[in-house]
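Chemist: Before anything else, here's the structure in question.
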Amino acid sequence: MTVKLKNDSSSEDEPLGNGGRKAARPARGSKRRAVKEEESSSGEQEEVLSQEVKKRKTVSKRRAPARKVKEEEGDRDAKKESSVDGEEDSEEFKWWEREEEKDDSVKWVTLRHNGVMFPPEYTPLPSHVRLYYGGKAVELPAEAEEVAGFFAALLQSDHAQNPVFQKNFFEDFLSVLNKHGGARNGIDIQEFSKCDFSKMHAYIQQQKDQKKQLSSHEKKLLKQEKDKQEEPYKFCYLDGRKEQVGNFKIEPPDLFRGRGAHPKTGKLKRRVQPEDVVLNLDKDAPIPEPPAGHKWGEIRHDNTVQWLCMWRENISNSFKYVRLAANSSLKGMSDFKKFEKSRELKNYIDIIRADYRKNLKSKVMLDRQIAVATYLIDVFALRAGGEKSEDEADTVGCCSLRYEHISLKPPNTVVFDFLGKDSIRYYQEVEVDKQVFKNLSIFKRPPKEPGHQLFDRLDPSILNKHLQNYMPGLTAKVFRTYNASKTMQDQLDLIPNEGSVTEKMVRYNAANRAVAILCNHQRTVGRSHAQSMQKATEKIEEYQWQKIRYKKAILQLDESELKANPKFFKEINDLTKEEQMSIHKRVLEREREKYQKKFARENEKRKFEGEELLPESQLESWLADVEEMGKEYVEELETGLVTVKPTLQSVEKLKAQIDKLEQRIRTTSIQMKDKEDNSTVALSTSKISYIDPRLSVAFCKKYDVPLEKVFTKTLREKFKWAIESADENWRF
DNA sequence: TCATAAACTTAGAAGAATGAAG
DNA sequence: CTTCATTCTTCTAAGTTTATGA
């Protein structure tokens, strides 16, 4: 059989060299095209673009026989809207209660909005804040100063340490600098290493701090002002209904912060001008006024798309879109459709699984590859894995897995180790189906070597085409959604309907976590995580110490307690002298800090209000109290005799305190464990994108858990359709 | 039929708001 | 009430899939 396959495949395998990352890369077509476009005169461009619009319009008309009806309906809505323009229209559009609409190529009939909000112009730094080069202050033209400022702002971050980031930044910085005539005071900047951004950084930091220091009233005023500025852009009218816009702000210029080893990280992301922006509205919509002295790049009327505005970005020459918010009807409908589509998969999954198991032994290499890929996507929730270009970070998904990304340990263990989306590492040592293992070995056979594609016949479009044979609209990503929601359903089914809301939520989150782990949703451990873990450990230690002290105190009051319950006092010698001393030190140090801070804060306040300052002696007296406490601890250590507060001078009271301490130790340890388990797992992504929200709604209803425990305000708005349509018996 | 452009979803980090502990 | 850690929101990068045009 193997021989047969080998023969069979050797001819098919001929262009094996193409499996190599470099060899497989096609010529840079897109780049050339982009350059050409820039060169062509704007008039020519307009002509081309408007032709394109006409074509699109006829296409969408042809494709949408249902449109006529909709249009009339929409017109009515639009008229109603224009008469009440701007007025709060609280009537809700419950699209999920409507009959299903067949044609979704037309997204709207009328679309009106006020364009986008542009970021503020650059404000030059005060003249005493400069970049220093070889120790000398540089007078930069404003344009270059802005770019230098972007770097200065990141000085403390990892980006600033990344050589690629430095190099890309510096190139673009120099190019801006030279374009604007170089340094005003003749300093010739050549080397990055001679640049000192620290003064700029300090100033930027100081400005930030200053803003934080403002009184809450001042902050409120600033917020009000900001809201007023944003108001016109926050909403649009879609078929006459007022809907929220998502990202209504143009992205401000900055240094591009690519994830992972991105070759372009640090490059200047240029400022977007109104001339770069294309607006999309209905034909009769009033065209929003462009910023003074500017013109819009283009006005389009394409009702087959959801975007309101778009512009081309200069890092990888792709588009950025202004679109509706997550709580909008359009987004809601597509979300709903996504989950319905993945629910549909349960009707086909058995056939699909049976089929790929069978095809694992197919004599046609392509079919085997399809079978293995489908298996990996289904079982390990891998992404499709499209091809990437050389000027992006080297990350992979299923179809783009390479030789070096898996190692095989007979009889059937596979170790996956690769960087996936966002350069997040996927590392799993797992057992796989015997035949899958065999196939993977075949896919790695010489002449394949590191750098070669495992699935050299396959790409997402071939795979998806194959999947569509089973179910209309089935693609690789549907499996991820299906398996995520299926996992959630199964996990929720295991939760007993008992206990407090907190306990139920712990279970819910555990279910959520199972899904997040399946999807490999990670987060970098917060800066303060280790520290806060350390703190918690110390806290538990201190509770323990306190507990022991109280037990000693009990014996001091009544020796007979020991005989009555020797077990209770067993731990009384658990802490060594050294351990006790270090706890003492910590407790005392914290007390000192507390008083220092209290003193400083109080005087700050008094200074501000013109009152008399606390004398230094006050602080000293406080600190003396701490010293006193310290002496008592030392004595305690020597004599073994504990001194406790006068209010605790009875066996009962001490026992009550001990109970409290034990409770605290329990809760703190549980919290700590939960925190540790969650420290590298991001629950939010699966909750937002993979778990059918109706599962959570049903859970809340069935288990009598308030919805807001499960969904934040924004998520409740996003999932309104689910909240209003699922009951406690709803199942995925 | 293909490559590539376009359009849309998914993703973690950063920033802002909130709330728990002292 | 303040402080600081946690939680929520915003931001925009990075994927997938579909549409388009040579």
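The backbone N, Cα and C atoms fix where each Cβ goes, glycine too.
Note that TrEMBL annotation is computational and uncurated.
Grabbed the feature section from TrEMBL, which reads as follows:
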type: ACT_SITE; residues: A:TYR690; note: active site, O-(3'-phospho-DNA)-tyrosine intermediate
type: COILED; residues: A:578-605; note: coiled coil
type: COILED; residues: A:644-678; note: coiled coil
type: COMPBIAS; residues: A:22-34; note: compositional bias 'Basic residues'
type: COMPBIAS; residues: A:40-49; note: compositional bias 'Acidic residues'
type: COMPBIAS; residues: A:54-67; note: compositional bias 'Basic residues'
type: COMPBIAS; residues: A:68-83; note: compositional bias 'Basic and acidic residues'
type: DOMAIN; residues: A:255-704; note: domain 'DNA topoisomerase I eukaryotic-type'
type: REGION; residues: A:1-92; note: region 'Disordered'
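Each of these features: where is it, how hidden is it, and who are its neighbours?
Modeler: Contacts of A:TYR690 (active site, O-(3'-phospho-DNA)-tyrosine intermediate) defined by a Cβ separation under 8 A and a same-chain sequence distance of 6+ are given as A:ARG480, A:THR481, A:ALA484, A:SER485, A:VAL515, A:CYS519, in order along the sequence.
A Cβ distance under 8 Å defines the sequence-distant neighbours of the coiled coil (A:578-605), meaning residues of its chain 6+ beyond its ends; these are 538, 541-542, 545, 613-614, 618-619, 622-623, 626, 629-630, 633-634, 637.
Long-range contacts of the coiled coil (A:644-678) within the same chain, counting only residues at least 6 positions beyond its ends with a Cβ under 8 Å from a Cβ of the stretch, are 506, 509, 513, 529, 532-533, 536-537, 539-540, 543-544, 546-547, 549-551, 553-554, 557-558, 561.
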